[in-house]
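Chemist: If you look up TrEMBL, you'll see 75-400 marked as domain 'Glycoside hydrolase 35 catalytic'. Per TrEMBL, active site, proton donor is recorded for Glu223. The annotation active site, nucleophile is assigned in TrEMBL to Glu306. Under the heading domain 'Beta-galactosidase 1-like first all-beta', TrEMBL lists 448-567. The feature domain 'Beta-galactosidase galactose-binding' is assigned by TrEMBL to 615-677.
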Amino acid sequence: MLQQPPPSFSIRGATSPRKLWMASRRSFEILLPFLTILTLASSSSSSSSSSPFPFSPRHGSSVSSRRFWIEDDMFWKDDRPFRIIGGDVHYFRIVPEYWRDRLLRAKALGLNTIQTYVPWNLHEPQPQRWNFEGIADLESFLELAQELGFLVMLRAGPYICAEWDLGGFPAWLLAIQPPLNLRSSDSTFLSFVDRWWGTLLPKVAPLLYANGGPVIMVQVENEFGSFGDDRNYLHHLVDLARRHLGTDTILYTTDGGSKDTLEKGTIPEKDIFAAVDFTTGDDPWPIFKLQKKYNLPGKSPPLSAEFYTGWLTHWGENIATTDANFTAKALQRILSLNGSAVLYMAHGGTNFGFFSGANTGQNESDYKPDLTSYDYDAPIKEYGDVDNPKFKALSRVIHKYTRRSVRQFPLLIERASYGPLKVRKIVSLFEVLYAVCDPMKVLETEQPVAMELAGQMSGFLLYVSEYSGKKANSVLSIPKVHDRAQVFVACSLDGIKNPTYVGVIERWSNKKLAIPNLKCSCNTSLFIMVENMGRINYGPYIYDRKGILSAVTVDGSILQRWKHYPITFDGLGNLSRLSVIKLLPGAIANKLSISASLNNHLKKAFSSESMSEEPAFYEAHFTLDPENEIKDTFISFRGWNKGIAFVNNFNIGRFWPLAGPQCTLYVPAPILQHGRNVIVILELHSPNPELTIDLVEDPDFSCGLKRPSKL
């Protein structure tokens, strides 16, 4: 919120830029007829008369004392030169209760500017179903940043990368037919972009610096020069932004510091400021010199818009770290010659839920999914710690060049080791398919379809078909699956006691599976549980549909007639209350046209006694004394295999200690509650043999001996 209203206003109660802007807009709408008359009268008496409008009609206010602009290759703020020393802090990777804490730590680091992306998929998870509440309350985050004295650089996209699912694009864009050309001037794609920015940017407009808010710059796209060269697309985004934000707002691009990327990603002809990013430790000044060629004369203050304080980590890799002193010296090289820099990241945070992205190597099969943790080896750790060498080293450098006294930061949020917890198995996922799958959304097709086309945008999709298994050993082939398929078989009629777990087919290894002959008297049922492990967020393979993307063959014969069961997790609170194990209740079975015999078979086939390698739900609970403070903690999944975890119905993310390196999942205190707390785990394979988890005080990134298969 504003510390004090702009001088143009004295509106009681209008304490935020949004309220001030709305109030001034209402005033303008009331005055508009009278101002129009004055304009006509003025123009009839003198063609050179000045405009009678006391403020810009586009924004509804003129806060003349507030201005941020570029001139003489410098940033200027309120008639004084300004150096940006900023850092990325992403609101969507932090529970809202901790926004203030993390920003205060960024303040103590010495930062004067916060940069954040805006992920489209968070705010429009389904077409025109808008979400700007809770962790998605962008406006409140921006106002809080201003209250704490920050300026803001807003990375509005529509593509953001960010190691975020599909680079921030909503997955439902992949279900549009005919397929869209993302990040292009495809007219259908642009129509969705227009609708998105038509919702987002009017929320940003009252928060612009000139309107009393903190936003000094808005980014157009992100590192487009590393992807394509569609100038019409970039020009469309610029025109759209200008339409909503006005002509005085600084728009900027960010691209790698090479001639090729800057040639394709910058828009100097539109007076769009071109910022650069480059590897930490590179000599910045040749790159800043190159940057000037892609800005208008006098419009190129040297800015590293992504100064890397650390790096990302994929599952199966060692945790990425960078030396604190090396990083601090690299920052000093920029600041010593009056350059500007934005730390990426100042605070990384967490990829809660199913939002973590993925990268690729040489081809789309060389798939590298990101960890749940987005700690990034940043100076402010995932859980808020600042008592580390990197924070101290960077803080010394920053305060040397800002010449400000070191600010105190809030006390470290305490963490607790709530100890080992006994876990009990609740039920197999197959046993409660009706509870985790909306029967009205089950899709039947001749060939398997992608998750997005089946209406499943994240998580898991179960594919079911049948084949005639007469050979001693059959061979299953799925040439293209994204990303990981667990395969089960069972006989299709009553009388079969034990279903069989066959194995896993993975995107990065794509092996065939041998299927044992169950000696069924009828057809054999095939169950393929496919996990979406995060869509590619960067590079040429971003068009990353999930699920089974090819024909499925058994002994060379293509299987026909598939049912698709989208798995949701809305009913987790009811799992522990299930007293009778059922796969599908009779009413639902009738709706799905599933025969009574098959329904009975499925209930038997997936009984808990018959499964050894099965997706199953497990539960643990613990009680927090109301007289004690609730503290952060981490859940250690050492000894477990792979899955997802929920704490009090909040999806804290994926775990995969077998691959590593991440062993623990972060549980912020605001997710917990006094009294009973419930942890629900979906383990995709086998649990810890001791059926325990451990709530520990510290994060652990030492799991995994080596990358499984090629991963």
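Heads up, the Cβ atoms here are built off N, Cα and C, so glycines get one too.
Are these features on the surface or tucked inside, and what touches them?
Modeler: Within its own chain, Glu223 (active site, proton donor) has Cys161, Thr254, Asp255, Gly256, Thr261, Gly265, Asp277 as residues 6 or more apart in sequence whose C-beta sits under 8 angstroms from its own.
Other Cβ atoms within 10 Å of the Cβ of Glu306 (active site, nucleophile) number 22 in total over all chains.
In terms of DSSP helix, strand and coil, the domain 'Beta-galactosidase galactose-binding' (615-677) has 3 helix, 32 strand, 28 coil.
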Chemist: By DSSP, how many residues in the domain 'Beta-galactosidase 1-like first all-beta' (448-567) are helix, how many strand, and how many coil?
Modeler: 3 helix, 56 strand, 61 coil
